[in-house]
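Student: Marked as ATP binding site by Swiss-Prot: 152, 153, 292, 293, 294, 295, 296, 297, 383, 395, 396, 397, 398, 494. Taken from Swiss-Prot, the feature D-alanine binding site covers 197, 301, 494, and the record attributes it to sequence analysis.
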């Protein structure tokens, strides 16, 4: 158990200064470098940024990002990560909500962000080399101060900034390092982008355990040949990803224990782990333990989990998402908010120290999703589950029209909102198509097109996707667009999304 994330990482630097903290394709950075660089950056940030304000950090999978995060934490600032593969619109949308006084350019910004201070890479590098280090951690992020703010999809096309405090993160990290059997010095894969809270599952537990993060940038993961060649060279003990990503790795017949002798832990979150994927991993990696975990960003990465053994795979065609972590209470309610009996489907409620204080600058959405339970915070997950009498939870679906595709959470209304801005579209509605394992296989849009000059639907679809791609993240672009003269409506005049869902999943 640790009592402070920042001092725990600094302690590793004091005890094991030459140990490698971060390895980017063979370029290695030690804990001493991480401490010295983050201390100097913290000194620089303390002088140059307004006290206590959240700061946007723009960049990819690099050591500099981690160093900047830690420098901001030490100087009393929450960080708001935005990945380099985000559309330009995302940066503007986040800033419209966050009103951050500064943007830190670890990688060059693709657009101009008006009325905000920009700290560019040369200034960062100069500060990390020569600025006087921060003289104490008395103003560092602690307790209920925000540690990071991650933006998720929002229903109005406006993303929601989930505020995660130091103590939220501490609760999660302590559970991760105690319940998943990870050892000091663990070598962990660092693949999810920092703007996706799954990245927290590898980042902070690894650093407080004095381990090594092996960066796997998108340029590698997008090229399967390069990915399959790179993975065995990493010497991993721990694999953290969405199930979708490991399903890509399983396409390589050489992805098995004999080529990964030290790989002993698989941790999954972000979407449903299906039975056949778990079975493939258990068969190919007999020395490894497969952990299935579940949790919304609003409750800090994950709140339930369990080891998926051969017995569990044999017993449950649809795998459980595990038991609540010890400091957290989960329970299931019906539409009236009444607790239901064991085995009855309902909405999962989460109460505990890892539940967020709410959405940044969005009191209405916060009031709708969060509640007080005694002296603790609670969150209405919007997830349909069943729970056994002994507390084992099974995921069943969403209560609303929010889905997960490849681990990314997508509000269908958000996609619709943007699709309906596209110049070729009169009206559109997006629905998920599920595969036989109840996972979202693709997004399909039904659209009423405006009059146009395209000689084929294919060309029209290409034009719509190109325009939409300037507004939303790549994973939010529907794979197929089906054209109609009109969309079905409900009795109260809204597009009947349930009818469209039924049509594509018949």
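Heads up, the Cβ atoms here are built off N, Cα and C, so glycines get one too.
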Student: Just going by other Cβ atoms within 10 Å, which of the binding-site residues 396, 398 has the emptiest spot?
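Tutor: Among the binding-site residues 396, 398, the lowest count of other Cβ atoms within 10 Å belongs to 396.
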Student: If we check Cα distances from residue 301 (D-alanine binding site), which of the binding-site residues 292, 383, 396, 398 wins as closest?
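Tutor: Checked the binding-site residues 292, 383, 396, 398; minimum Cα distance to residue 301 (D-alanine binding site) goes to 292.
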Student: Can you tell which of 197, 383 has the most other C-beta atoms within 10 Å, given these are the binding-site residues?
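Tutor: Result for the most crowded candidate: 197.
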Student: Reported as an integer number of Å, what is the Cα distance between residue 197 (D-alanine binding site) and residue 296 (ATP binding site)?
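Tutor: Roughly 9 Å, rounded to the nearest whole number.
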Student: So for residue 152 (ATP binding site), how many other CB atoms are inside 10 Å of its CB?
Tutor: 21
Student: Around residue 296 (ATP binding site), how many other CB atoms lie within 10 A of its CB?
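Tutor: Excluding its own Cβ, the number within 10 Å is 24.
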Student: Determine, to the nearest whole angstrom, how far the Cα atom of residue 398 (ATP binding site) is from the Cα atom of residue 494 (D-alanine binding site).
Tutor: 20
Student: For the C-alpha pair, I'd like the distance in angstrom between residue 292 (ATP binding site) and residue 494 (D-alanine binding site), rounded off.
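Tutor: Just about 37 Å between their Cα atoms.
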Student: What Cα-Cα separation, expressed in whole Å, is found between residue 494 (D-alanine binding site) and residue 383 (ATP binding site)?
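Tutor: The separation of the Cα atoms works out to 23 Å.
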Student: For residue 294 (ATP binding site), which residues in the same chain are close in space, meaning a Cβ under 8 Å from its Cβ, but six or more apart along the sequence?
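Tutor: In sequence order, 269, 302, 303, 304, 305, 321, 322, 393, 395 meet the Cβ cut-off.
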